[in-house]
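Below is one structure; the comments refer to it alone.
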Amino acid sequence: MSQPAPTEREELQKWLEQLRDLLVNLRGLYLSQKQVLASAKPQKALRHLLTLRTLTVLLAFCVFLTPAAITVVRMPTVLPVLTFILVFIFAIPFLAITFISWVFKIGTYKKGVSLAQAHSRRIWVLLIALIGANLILYTLFFLKADSLPFAPIILLSFGYGAAAGLIMWLSCNLAILAYNALAKRVNLHRAKRNVPIEEKALTIAKQMNPYAQKLVDYYGDSFPQTYLDEMVVDRLAYLVSSFRANTLTDALNLYEEEQHRLRLEQNQHFMMLQQQQIQRNQSINAAINTGLHLYNIAQVSMLRR
């Protein structure tokens with residue numbers, strides 16, 4: 001339980017000055033600790049391996065995209081080629097961004113919903129749309145009389161797509177394993193390097209404990225937390241030392257009156273600047289209108305001649 005604020009003016013002045021010095025010391029130690037901790041290197045986050053679910057989605061996309069590309073190339077008409085180009089320009093980057101964000105959990109939405117979760121709900125719709133587009137494309141392709149010789153090539157492309165998807169999945173996992181191994185070595189090195197920094201920060205924290213305990217014991221319930229700032233306390237001590245306030249309540253009331261007056265002056269200054277800007281704009285507009293009027297008069301005079 002903290003002691004109440006002194007009622008005598010001289011004791012109150014010393015009481016406030018001690019509080020100001022206490023806050024200054026705490027602020028200095030806090031800034032020193034923050035500066036020390038800023039030199040510490042953060043730990044690198046490890047990445048998770050791609051799951052079998054990811055492999056399934058990747059295989060599905062590769063299996064259905066590869067034959068579609070080969071089918072479009074085999075079709076001699078211009079419309080499928082243009083359609084494939086448009087899909088390649090617009091849909092493929094969107095699918096890639098969706099898949100990458102779904103795999104690596106990149107980004108966040110509101111209310112803690114991750115971007116990966118939002119895209120994972122959409123990626124199955126895209127996959128179904130891709131399968132439907134492939135079925136339509138194969139139907140149009142095999143309705144042609146000369147398309148049957150290319151059927152084995154298209155069927156073989158399904159295997160190429162599956163192999164490409166599997167290779168991509170394995171390559172990504174190998175890259176993640178290599179990254180995690182490197183990250184573990186870096187984290188171990190950083191942990192050793194951060195040991196003296198953490199010890200120094202802990203030493204500063206131990207130095208802060210007596211000041212913090214004194215702040216709670218002597219000023220915890222006696223001084224309002226809203227005004228617990230060294231600049232504010234210094235101003236309160238000045239009001240008491242200049243005989244403008246004899247109690248803590250009087251000093252706080254005077255400080256609030258000064259702050260209110262300062263806010264009014266700032267608002268008046270802002271309004272005056274706005275009024276000056278409006279007057280300058282009006283003067284500029286008047287000069288422009290006068291110039292346009294003189295120009296019109298000159299044009300009329302030239303036409304009359």
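Easy rule for this one: first residue shown is 1, then count along the chain.
For all residues, glycine too, the Cβ spot is worked out from N, Cα and C.
Some features that TrEMBL has for this protein:
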type     : residues : note
DOMAIN   : 1-24     : domain 'PH'
TRANSMEM : 50-73    : transmembrane segment
TRANSMEM : 79-104   : transmembrane segment
TRANSMEM : 124-143  : transmembrane segment
TRANSMEM : 149-182  : transmembrane segment
Revision key, fill the gap. For the domain 'PH' (1-24), the DSSP residue counts stand at 16 helix, 0 strand, 8 coil
Practice item. State the mean pLDDT for the domain 'PH' (1-24). Key: 83
